[in-house]
């Protein structure tokens with residue numbers, strides 16, 4: 001009721017933001033309510049599924065012991081390094097693919113093939129090559145993201161209208177500067193899509209790789225808790241992962257999109 | 001003296017699907033003098049845009065020669081700026097950024113390029129919109145920006161490829177008047193592609209009429225209208241109507257179907273004493 005009240009609609013930016021936030025939280029609140037009721041009614045054991053209060057307790061424990069920050073910190077560090085590596089390699093490679101029809105024709109099938117295999121399927125090889133540890137996990141994050149980012153960047157470059165490239169050339173743009181002046185900004189709507197999709201793959205790859213190849217991190221923690229039937233800890237970390245993803249999306253990708261492609265009126269139609 | 005010199009331009013390409021060799025431009029020769037406004041007019045598919053693309057340096061010619069300022073055309077250059085039908089503005093650049101683009105590419109420092117860019121924005125009536133992005137402008141304003149963006153480079157010749165074909169009729173009239181005003185003020189050399197007879201006559205000093213494929217120059221018509229021009233007075237001018245009729249006839253003559261129709265019509269008018277249709281002849285008298 002309060003959400004659609006005239007005051008809310010007429011109100012300033014703050015109240016509009018507040019109502020947007022409430023709408024965003026509503027499904028989670030409902031989910032939590034269903035959770036509480038089902039666990040209460042079925043009296044399921046905690047080794048199968050925890051009550052919400054158990055999870056909150058586990059979370060409090062992890063917080064006060066500092067374990068939460070150790071593991072989240074370790075995971076974030078790997079994600080950041082893997083994502084930076086993917087951006088530095090995937091975007092230039094995608095632009096290269098997009099700017100030559102022949103190179104694209106050669107690599108596009110391989111790329112599409114690799115998107116399906118990206119990340120998790122590479123864990124055995126990554127650990128063989130790089131050993132169990134930091135480097136293998138970062139490799140997996142990079143690998144999971146790279147193909148999706150390169151592929152979307154390629155699509156973005158291919159979708160730049162020919163006339164735009166011609167306009168730039170006929171205004172004296174040197175070939176080397178076409179990259180930064182036209183191809184990169186022109187492909188940005190699809191690059192943002194590639195970042196979104198790729199980051200999702202990256203996080204999943206991270207969790208899987210940490211289960212196998214790490215001694216710290218959110219994926220490792222989930223796996224360890226499973227050995228002790230600590231479903232409360234498992235769920236607590238799952239929620240942490242989801243929240244971290246939401247924060248990356250809201251705090252990094254959404255503002256980037258608002259300041260660029262939305263401002264320029266060239267938002268990509270998301271598939 | 002002529003800025004643009006086209007001699008025996010011939011262009012063939014291989015159709016990607018059928019593998020056949022298609023002649024896009026048969027044999028086209030004409031020139032555009034410094035400060036002259038020349039339109040190329042022809043039926044759709046006659047290769048007039050191909051001629052422009054060759055002049056711009058986007059397409060290679062098969063044989064013949066195209067020279068601008070005495071130098072053969074080999075690649076795109078700011079000496080031959082293009083105004084596109086689709087505007088082709090950079091969506092990620094502001095209005096000012098779009099106008100200053102060519103100057104920036106040639107290494108003109110910011111302090112020098114901004115006043116030049118502003119001067120051209122004022123010329124096309126876009127002062128006050130410097131910080132807007134192209135998508136925030138109307139179609140007419142976007143194309144004015146397209147013109148300003150090219151003129152800011154002070155090209156040898158401005159190439160315009162059906163620049164007003166994608167705006168509504170009323171805006172088109174306004175843009176055409178604005179373009180003659182700009183032409184009056186700056187006297188750029190303009191090579192203008194269109195299929196609109198009225199537009200060609202209103203804007204041009206001379207109109208090059210192409211025949212349909214394989215295209216050749218059917219006639220080069222000089223427009224006998226004084227400058228400055230505006231639609232109100234031009235529409236009342238008998239010279240305008242006469243030139244338009246002449247060009248329309250030329251275009252109709254270029255098409256096989258149109259030719260037949262024209263012959264049939266003229267046959268009826270000229271020889272009204274003997275009815276051309278046999279059924280009539282048998283029925284009457």
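Cβ coordinates come from backbone N, Cα and C, glycine included.
Unlike curated entries, TrEMBL annotations are predicted automatically.
From the options A:46-67, A:178-199, the stretch TrEMBL describes as transmembrane segment is A:178-199. TrEMBL lists transmembrane segment for one of the ranges A:159-176, A:231-248, namely A:231-248. Scored on C-beta pairs under 8 angstroms, the neighbour of the transmembrane segment (A:205-224) with the top count among A:20-38, A:110-130, A:136-157, A:178-199, A:231-248 is A:136-157.
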